Structures are given as structure tokens and as C-alpha cells.
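Let me begin by presenting the structure, written as C-alpha cells, before commenting on it.
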Amino acid sequence: LGSVIAYFTSAKFLLYLGHALSTWGDRMWHFAVSVFLVELYGNSLLLTAVYGLVVAGSVLLLGALIGDWVDKNSRLKVAQTSLVVQNSSVILCGIILMIIFLFKTQLLTLYHGWLLTLCYILVITIANIANLASTATAITIQRDWIVVVAGEDRSKLADMNATIRRIDQLTNILAPMAVGQIMTFGSPMIGCGFISGWNLMSMCVEYLLLWKVYQKTPTLAHKSAKVEASELKQLNAKKESDTKPAEGVQLIIEKDVTGFEPQQEKEVGCAARIAEPFITFRDGWVAYYNQPVFLAGMGLAFLYMTVLGFDCITTGYAYTQGLSGSVLSLLMGASAVTGIMGTVAFTWLRRKCGLIRTGLISGVAQFACLILCAISVFMPGSPMDLTVSPFADISARLFENEPLPTIASPESEMIFATGIPNLLNGSIAPANSDPEMSPEPVPLISVSLLFAGVIAARVGLWSFDLTVTQLLQENVIESERGIINGVQNSMNYLLDLLHFIMVILAPNPEAFGLLVLISVSFVAMGHIMYFRFAQKSLGKQLFVCHTPDPKTTPDSSPPGNTSTV
């Protein structure tokens, strides 16, 4: 009993609980804001697409600056500030949305509708601020605090990373379903009120949990001083060929920043202050390029350039191929299960083969499963026909004065699983959706193979994601953790934006097969980059598997404890 109580009061469990509350609120909001914007704009996905573009562009441009801010301030200040800003923004957004839902008719008549347009801009802006604060929270908690709480025990760090990902997988499915039911059986306004109330309660509890974790882990109060620009250049001058990355948490001299008196800064002119963010942006990307784990991070980013996931693009395509919303919700549940299996596989493989080899095995497993997706393109039922113009349907709609289809943001991927009505009018519904017509049934071989590959590949995907996450945690010095992970987030969003641009250029189902083949190619390129990183790091021992001691570097144990695979 004593050990159970000790676990439930430990810093590790309190960190899990705070992350679960934060992620649950995040997932509810990310799903609901897309639905709210659809409802407000007359069942069009235009505002949702604009919101997705603004969010991705903001993180792409500001990721390095957010990370730099995380590095320059004490851990508790960063965590508490980002928590308060994030939740306050969501609460404010919810209140504004409730006002719009209540007085939309009146707002439409005031100033020729410009006041309502201003409200839309305000909602998207505040929601974007909430997302940037959420990015700061993720960097500081998942890339820094968790490393300090785990200490020098890399096995504990791996287990904590895996548990965090399992929480993410569960909340990805359950939170949107919960708020979706509230909005379906209640109203969007009730949904706004519920989310605002949840975030107010969650903010108070999370604030308390952060304080308790901070108290239980004294080392969180110590943080290495920020490296000066001149020192940073010298540090980045070392190429990864000079030193191999150690797969251990790096021990560096730390200083207490809670009582740290900053050095007297030289007076700088207005031009220098204006240029400072741009210099930080440049230095962040240069530092990222010179990291020993640069190729591993790029490999992970390339996995975002894909339509082979459960986002609005793939689910929309499945809908055009005859799959119902209930079937899609079951498939999404299955993908969550395989994602959790990937976190279990990660911890087991890391113990058996070491961290770097776990990434290799995970990459091979993911790519092997995605081969099914490539095969599905050429199977019966596949609509691929490159002779059809991607914009033929758009041209027809223009001449017939019909509304154009729009593309939803990634946050709307759960629409099919929640039963929210009237969200896809005129966008991705099958051509023969009239119940009085009897359309010819589409063979399901192709779409079945596609989703079999996507679902199975998530085992390797999440194991690989955890591998690169831990490599970044262990091999980036503490004073640069924030800015390097900020740039990594920017890279992820950049490739995610490119995948949406790719869909915009080829939006018709006949071209989806080509998008699948391009996606598989980008996944292959990502894993080739990781293979090159592993080759540089391990050399001739790349294909030598062993059972590492948790207290020693996983891929550098004595030769006597190895067995050739």
C-alpha cells in the first residue's frame, strides 16, 4: 500500500496527470474550434482552412523564437506562463464564440457585416495564440522537465516518453468524441461553455500540479545559463563528424536561475532590437543544422509530408470510396490501438537493441506496412486516373455557379467519428449521394489495403517518433533544448504545410493514388536520412544488437555483451 501511495504522489505520476488534463483540453479545443468555425460560416470549411494555415504558418515562423524564450527563462516561469496564456486564450475564445452564436443575426446587420468579420479574425487570432502557448508548454514539459525528472536513468526516460504518447493516443480519440456528443445532443453554444469551464478548472489543477512537481524535483530549480552568441557559434562549429552522439542524458554545469542576476547588458539601438528576433531565428536554424542528431530530426519531419494518416484528407477520400462514418470511427479506434502498441514496442526494442537501432527497426516496419498502401493504388477499386484533370470539377462548379469545395485543417480529422451533422456539405461527399439513385458499388479491395497499411504502419511510426524524441532529449545540451525543439516543430509544420499544398494541387480522388506514392517516397527518404545518422553514430556496430544496461549508454556497451543479428 505504501508503494502505491508513493507512486501516486511521485513527481512522475503528477507529471502524467497534468499532461493528461492538458492534452484532453487541447484535443477538445482543436476539434471543437474547427467545428465552430464551420457552423459559423454556413457549413463552409473556408474559415477552418484559414485557421489551419495561420496555425501552421505561425509555428513555422515563430518556433525558434518560442524555443529561445523557453531557454532564457526559468522552468517554472515558462511552464506557468504558457499554461495561463494557453488556457486564458481558450476561455476568452469560448466566450467570444458564445456571443457570436447568440447574436449572429444582429452582428450580420451591423456595419454591413464587418463587425462579424472582425469577430472571426479575433477568434482565429486568439486561437492561434493559444496554439503557440501550447507549443511552448509541449517543449518545456515534454522535452525538458521530463528529462530532469527521469534523471540519469535513460530507461526511466524511455518509459516516461512512452507513457506520455499513450496518453496522447487515448485523448486523441476520446476527447473529440466526448465534446462531439455534447455538441450533438446540446448545441455549439453549450459546447463553447463546456470547453471554457473545463479549461478554467484544468488551468487551476495543472498550475497546482506543476508547482508540486517543481517542489518534488529540486533539480528543476537549476538550469544552465544561456550560451552567448559567440560561444554558440563556436559550439555549432563542431560538425557531427567530429563527435558521435552519446545516447545518455548530457551532464553539464548548471546554475540556479531562480536567483540568478543577469549580467548588465550593453545598450543597444532600436535597429539592433528589431533585428534580434531575425538573428535568433537564423541562429536557431544554424544550431539545428549543426546538431549531431540533425539527420534524425529531418527524418522525423519528412514523415509529416504524407496523406497516409487519419487526417481530413484520407478520411475524406475514404468517404468518397463508400466507407461510412461508423466504419471510419472504428478504423480510427484501431489506429489508436496500434499506436499504443508502437509505444510498447519502443520500450521493448530499446531494452533489447538500444535506442538508435530501435529507430532503424521501427523505420523498416513502418515502410514495410506502407508498401500495402502503394500496392492499393493499382488494385481493383482504385480511382487513380492521371488523364483526369485535377481542376475539372472546379471548372465545372465555376461555370455552374456552385460553391467550391474547401479543405479542412488537420484538427477536423475526428469529424467522422462524432456524428456532427452538416459538416461536409458540398466538399467531400460522394458524387452519387442521392438515396433514390442506385450507384454502382465500388470494390473495397483498394481502400481496404490502404487502411490496413496505414493502421499497421502506426506501430512503427510511433516507435520511430519516440526514438527521435529521446535522441533529441539526450543529445541536445540543456541550454539549447528549447530552441532546437522549437526549430524541430517548425520543420514538422513546414512538411505538413507542403502536404496540404500537394493536396490543393491535386484535389480529385483520381489523383489520390499519386499522392499516396509521393507520400511513401517521402517516408522512405526520411528513413534513409535516419539510416545515414545511425551509420555515422554506430559505424561497424550498426547491425550488432545487444541488451544494454539501463545505467550505461544503450549503444556502446562492452563488446562481450553483444550478439550478431
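Backbone N, Cα and C atoms are what each Cβ position is placed from, and that goes for glycine too.
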Of 13-36, 325-348, the range TrEMBL labels transmembrane segment: 325-348
Among 44-70, 109-133, 325-348, 511-531, stretch most in contact with the transmembrane segment (442-461) (C-beta, under 8 angstroms): 325-348
Residues from the same chain, set at least six apart from the ends of the transmembrane segment (360-379), whose C-beta lies under 8 A from its own: 299, 308, 342, 345-346, 349, 353, 445-450, 452-454, 456-457, 459-461, 463-464, 467, 513, 516-517, 519-520, 523-524, 526-527, 530-531, 534, 542
Leading contact stretch, 109-133, 293-319, 482-505 vs the transmembrane segment (511-531) - CB distance under 8 Å: 293-319
When counting Cβ pairs under 8 Å to the transmembrane segment (293-319), the leader among 44-70, 109-133, 325-348, 482-505: 482-505
Interface check, the transmembrane segment (109-133) with the transmembrane segment (325-348), three or more C-beta pairs under 8 A: no
